[in-house]
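Asks: First, the structure itself, so that you have it in front of you.
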Amino acid sequence: QIRRQGGIQLLVDLLDHRMTEVHRSACGALRNLVYGKANDDNKIALKNCGGIPALVRLLRKTTDLEIRELVTGVLWNLSSCDALKMPIIQDALAVLTNAVIIPHSGWENSPLQDDHKIQLHSSQVLRNATGCLRNVSSAGEEARRRMRECDGLTDALLYVIQSALGSSEIDSKTVENCVCILRNLSYRLAAETSQGQQMGTDELDGLLCGDANGKDTESSGCWGKKKKKKKSQDQWDGVGPLPDCAEPPKGIQMLWHPSIVKPYLTLLSECSNPDTLEGAAGALQNLAAGSWKWSVYIRAAVRKEKGLPILVELLRIDNDRVVCAVATALRNMALDVRNKELIGKYAMRDLVHRLPGANNSNSSASKAMSDDTVTAICCTLHEVITKNMENAKALRDAGGIEKLVGISKSKGDKHSPKVVKAASQVLNSMWQYRDLRSLYKKDGWSQYHFVASSSTIERDRQRPYSSSRTPSISPVRMSPNNRSASAPASPREMISLKERKTDYESTGTNATYHGSKGEHTSRKDTMTGE
């Protein structure tokens, strides 16, 4: 009714009124009018009345804390609407960063008192502003580019996270928002940044070689190429100073520099907020994807910082989306030969334990695993046994064959075709190790259990399941997760086998605000105020 009678325009006009009291009431009314998915038409109407620039003008000039909180709350509610994400980046990104996020983060004047810092971080204004940017960070490549290039944004977000480590703030909504933004901004970094595109020719050779190598190792066995690839992975093995790094990273470089690994791992080991855990695992997943030099360094840094046991332990958590993100992160970590050995040795039982089937005590928990998560675990197992016979043996020793056969031979209603296919691919690769066939037969298995019809084997052999590829949950997917190409999809969707392109990265499902007062939008990274 209010919209139809022109009330939104009148309220927007009042944002430029001379009286503070009027600003407060007009903002409060607008925030309620644009709350929830059901009011998307009101959000569009507010934007069409010039509402976003008017809110930004008010935010820039007011010093009243309550009004700043209301204005950022309106922007947060608006940001859950896909059509408004780019307009918000256009009109509000710079002011939210410079007027709210940088000053409230405490980054610029770091020597603040601890209690003062915490008080700043728990401010509703910072929570609302990061909630808004979390939602818009899922709007696709251009949105990510603008946010990565926004001066001081990455530094301030990371500063908020680092200040919260070891305090009660670690489980807060603000930290969750910051992690989800960083996860989305970490998506496809190599492809979308100038630093990613300035690879040396050697590195490009390695990439192209890696690709070819991945496609035909089984048939052509180009051992020479394989050696060459290993050499590039050993440029920095996590020990000693990092090559190409004279000074400490700043701005966009902080997104991919190995020093970011430590705060993410600290969150994963100390935080109990599942959305933050999913976001941090998704960020590491994105950073470890592919053959970019910095991805190689990140995989080594996770090993050096003792991050693999932290990830493996999270496989035991009772949260489907966290397990999915952690499994995919481990899959990408296993692109590093040494990590692959360690994961095979220390994570195999946990990975197999999470698969449905067999009479393990965990059957009830396994039942709860979504198709996407079971698929992610199968893909991780596949990566871990590829080109590593010891790991294939460990998979058999952990009882994995029984569970995988149970999935691959199940009748249609029990598991989706995606899950059946992922399990079948693991079995098919297990059968390629001729030396292990006598063991399998001793356990009572035959070729029938491992290999589908010959036509599917041939076809699947071409699939991107080689170690040169990494699973990708788009940044938007893990953090920005959207259905459309431009918007991120949920980590689950992203992991679907069909979509496995060369980058296995994750973007943010976490962008969505599932808060007590938030809008529950469909697994997007959106958050809304009251």
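Glycine is no exception: its Cβ is also placed from the backbone N, Cα and C atoms.
Bear in mind that TrEMBL entries carry predicted annotations, made automatically and left uncurated.
According to TrEMBL, the feature compositional bias 'Polar residues' maps to 464-473. According to TrEMBL, the feature compositional bias 'Low complexity' maps to 479-492. Marked as compositional bias 'Basic and acidic residues' by TrEMBL: 495-504, 516-530. Here TrEMBL flags 456-530 as region 'Disordered'. Among the features that TrEMBL reports, repeat 'ARM' is placed at 6-39, 50-93, 306-343.
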Asks: Roughly where does the repeat 'ARM' (6-39) sit in mean pLDDT, to the nearest integer?
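Replies: Across the repeat 'ARM' (6-39), the average pLDDT comes out at 96.
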Asks: If you run through the repeat 'ARM' (50-93) with DSSP, how many residues end up as helix, strand and coil?
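Replies: Summed over the repeat 'ARM' (50-93), the classes give 37 helix, 0 strand, 7 coil.
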Asks: Counting by DSSP, what is the helix, strand and coil composition of the repeat 'ARM' (306-343)?
Replies: 29 helix, 0 strand, 9 coil
Asks: For the repeat 'ARM' (6-39), what are the DSSP-based totals of helix, strand and coil residues?
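Replies: Per DSSP, the residues of the repeat 'ARM' (6-39) fall into 27 helix, 0 strand, 7 coil.
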